[in-house]
Amino acid sequence: MLAWLCSTELTGTQSSLAQRFEAKDLIQCSAEQQQLPSDWAKSGPSYFTCSFCFLEVDLQRIRGLLDPDNTGFIGVETFASLVHSHELPLDPAKLEMLVALAQSNDEGQICYQELVDLVSNISSKRSSSFKRAIANGQRALPRDVLLDETGLGFYKRFVRYVAYEILPCEMDRRWYFYQHRTCPPPIFMAAITLTQIIVFLCYGARLNRWVLQTYHPEYMKSPLVYHPGHRARAWRFFTYMFMHVGLEQLGFNALLQLMIGVPLEMVHGILRISFLYLAGVLAGSLTVSITDMRAPLVGGSGGVYALCSAHLANVVMNWAGMRCPYKLLRMVLALVCMSSEVGRAVWLRFSPPLVASGPQPSFMAHLAGAIVGISMGLTILRSYEENLQDQCVWWVVLLSYATFLVFAVFWNIFAYDLLGTHIPPPP
C-alpha cells in the first residue's frame, strides 16, 4: 500500500491528491485520466515541493494514476517522461537505476512491483528481484566511476576509499557512496577495541607485565578469562575477548579490527558485523571447550579471524571486480600476518609453562573464527543491501551454526564427566 509523500502549502481538498505530484503538467495529466476538477492542475510547482518517495498508505490510488487499466505494469514512455521531465530529489545512483530499469525492458512496460521495490525508502535493503531487473539494464548506466569524482571533502574521500576496499561492483559502490549517512557511526568495532585496550592497560599495570601476561599466576584469576573449570559461568564464553596474552596479540587484533572491521561496519551496518564478530567469539570458546578441553582461552582472535577470513574470501571470489590498490600484495601480507599469529598461538600453547601458571591459552579459537567467517561471514558480505532472510543459503548456515551451539552445550554439560577429563584446578 503505497502513495506519494509530498510536503506542500496546499489547503483543503486539493492537497489530498495534488500534493502527491511535483509539476503542473503531471497533475494535469492525472486530472484528465481520473476526471478530476481541472482547477487542481492550476496548483503549479510554486505551491508545493514534492519528495519522490513512497509510503505504505494507498496503493490503489497511485495505481489508478500510473496504471489506469490496473494491469500491474507501467508504460515505459510514461515512466521515462516522469523521470526525465521532472526534477526528482533522488540519490544519483537511484535515478540512474530508474532510467536503466526503464530502458532495459523490451516489451515497453515496467512491472509496478519492481518499481516499488526500487524506489521505496521504507526498506533499506534491495530485493533480489530488483537486482535482476537492474542487471538487464546495466548497459544504460553511466560509464563514469567514483574515482572520477572531484572536489570531494576528506570524509567523502574516505567513504569512497571504503567503497573500493569492500565492494566488488561499481553499481554497489556508487549506491553506497551516494546513500551513505554518518549516523549511526561505526561504533561497535571502535568500542570493542577501546575496551580491550583499557582492560589490557589495567591488568598490565596491576601485574607489572606487558608481554606474556598469562605466565603470571594472578592473570588467570580474572573473571573475564575462559577457563574449563569455570564453564558454568556462561559470560566467560564471551568476555575472554577483552583479555590478551600481551602487547603483541592486542596490537595485532586492534589493528585488524580498525583496518578491516570498521570499513566492514560502515558498509554492512552494525547489526550484521557485530553479529558476525560475536558469532566468531562464541564459536572460538565453544570449539576450545570441545577440542582442547584442558586449555583456557584469552584474546579476541575468534571474532577478528571471522571478519578477516570473510573479507579475504569475498575479495578472492570477486577478484576481477575489486578495485583496491595492490590487492595481491596486500592479500599475501594479510595471509602471512594471520599465519604468523596462529603460529605464535600454537607455540605459546605447547611451550613449557611455568608450574604456577598452568596450561597456556588454546589456539583453536583462531581456526573456529576463520570457519565462521568463510561460511556465515561470506554469506553476509556477499549480500550487501539485500535481505538475508530471503536467501536459502543464509538459513542453511544459520541452522548449521545453531546445531553446533546445541551440540557444544550438551558437550560441556556431559562430556567432561563421561570422558573423565582431568581439568586443571581453576585459580
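Each residue's number is its place along the chain shown, starting with 1.
Cβ coordinates are placed from backbone N, Cα and C, and glycine is handled just like the others.
Note that TrEMBL annotation is computational and uncurated.
Sequence-distant contacts of Ser301 (active site, nucleophile), defined as residues of its own chain at least six apart whose C-beta falls under 8 angstroms from its C-beta, comprise Gln249, Asn253, Gly284, Glu341, Ala345, Ala365, His366, Gly369. Residues or ranges marked as active site, nucleophile by TrEMBL: Ser301.
All chains included, 23 other C-beta atoms sit within 10 angstroms of the C-beta of His366 (active site). The feature active site is assigned by TrEMBL to His366.
Per TrEMBL, domain 'Peptidase S54 rhomboid' is recorded for 233-382. Mean predicted confidence for the domain 'Peptidase S54 rhomboid' (233-382): the pLDDT average there is 92.
Per TrEMBL, transmembrane segment is recorded for 187-206 (among others). Outside the transmembrane segment (187-206) by six or more residues, the chain places 213, 218-219, 222, 224, 241-244, 247, 250, 253-254, 257-258, 261-262, 265, 270, 273-274, 277, 300, 303 with a CB less than 8 A from a CB of the stretch.
Sequence-distant contacts of the transmembrane segment (270-290), counting only residues of its own chain at least 6 positions beyond either end whose CB sits under 8 Å from a CB of the stretch, comprise 184, 186-189, 192, 226, 228, 231, 236-238, 240-241, 261, 264, 297, 300-307, 310, 362, 364-369, 371-373, 376-377, 380, 388, 401, 404-405, 408, 411-412, 415. If you look up TrEMBL, you'll see 270-290 (among others) marked as transmembrane segment.
The list of residues near the transmembrane segment (302-321) in space but at least 6 beyond its ends in sequence, with Cβ under 8 angstroms from a Cβ of it, reads 166, 168-170, 192, 241, 253, 256-257, 260-261, 264, 273, 276-285, 327, 331, 334-335, 338, 365-374, 376-378, 380-382. The transmembrane segment annotation in TrEMBL covers 302-321 (among others).
Annotation comment: TrEMBL describes 328-350 (among others) as transmembrane segment.
What TrEMBL lists as transmembrane segment is 362-381 (among others).
Here the transmembrane segment (393-414) has long-range neighbours at 231, 279, 282-283, 286-287, 289-290, 372, 375-376, 379, 383, meaning same-chain residues at least 6 beyond its ends whose C-beta is under 8 angstroms from one of its own. The transmembrane segment annotation in TrEMBL covers 393-414 (among others).
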